[in-house]
Amino acid sequence: MPLKLTIKLKNEKTADSSSTVADQPSSVEGLPGDLTSAREVEENQVIEDPENESENSGYQMVVYNPVVADASAANELVPEPSSIPRENPFANRGPRIVPTVGAFTVQCANCFKWRLIPTKEKYEEIREHIIEQPFYCETGREWRPDISCEDAPDITQDGSRLWAIDKPNIAQPPPGWQRLLRIRGEGSTKFADVYYVAPTGKRLRSMVEVQKYLAENTKYAEEGVRLSQFSFQIPRPLQENYVRKRTARTAQTTDFNPLE
């Protein structure tokens, strides 16, 4: 069963009103069940989608533990708390919108409740080892000492936002590097793009570019940076028509990447 990465769409910030925020939320202790209280963060990236620049929205990412995939409770939709706005994710399309990550969340393998993860780095650490190291509420005591399965979920599934399936065990980026996920607007021929940002600020868009960059900058190899630490795999949306269907010719030219 694949890992599920859920991306919850929220139309909230336009280019005119958005501001630059660090790409990780602060501690979320004390914020269970209240998405609007969670610190919102931006991916700090410029959108260059020629197909749908005006249709990018805000996102909240949570990682689903495959260990509980066969449990019926994992597939049930829990009523959404009134504190979470239920808005149409594709409504009010207008000026270009900066994609934002509102929260990182993982599902407990025991009680199936969603728990907010305090930083992007911790989220990536959990995702890297999610198969061999299932997540439990007790795991969250690293940042919330009193959390247990008896507590209400920090976030609940609902049908008003976009959910996607992610690949499990994606390696964390090397120290000093960033892995950025850019979600394209609805109707694009591809759901998302992955970029790696080197410590120098250089943005790499494919494994071929990473390989070339590492060959030209041998200091990274000396520091232990390996190609296996990079992955350009993207999530797959569960909303059937989010990505525009392509012809065989378009698919071949768009998806071909022998080193991905």
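A Cβ is built for glycine as well, from the same backbone N, Cα and C atoms used for every other residue.
Given the structure is predicted, the values throughout are model-derived calculations rather than measurements.
For 16-27, the entry in TrEMBL reads compositional bias 'Polar residues'.
Marked as compositional bias 'Acidic residues' by TrEMBL: 43-54.
Feature annotation from TrEMBL assigns domain 'CW-type' to 98-157. Here the domain 'CW-type' (98-157) is broken down by DSSP into helix, strand and coil counts: 15 helix, 13 strand, 32 coil.
What TrEMBL lists as domain 'MBD' is 163-237.
The region 'Disordered' annotation in TrEMBL covers 1-55.
Taking DSSP states H, G and I as helix and E and B as strand, the domain 'MBD' (163-237) has 17 helix, 19 strand, 39 coil.
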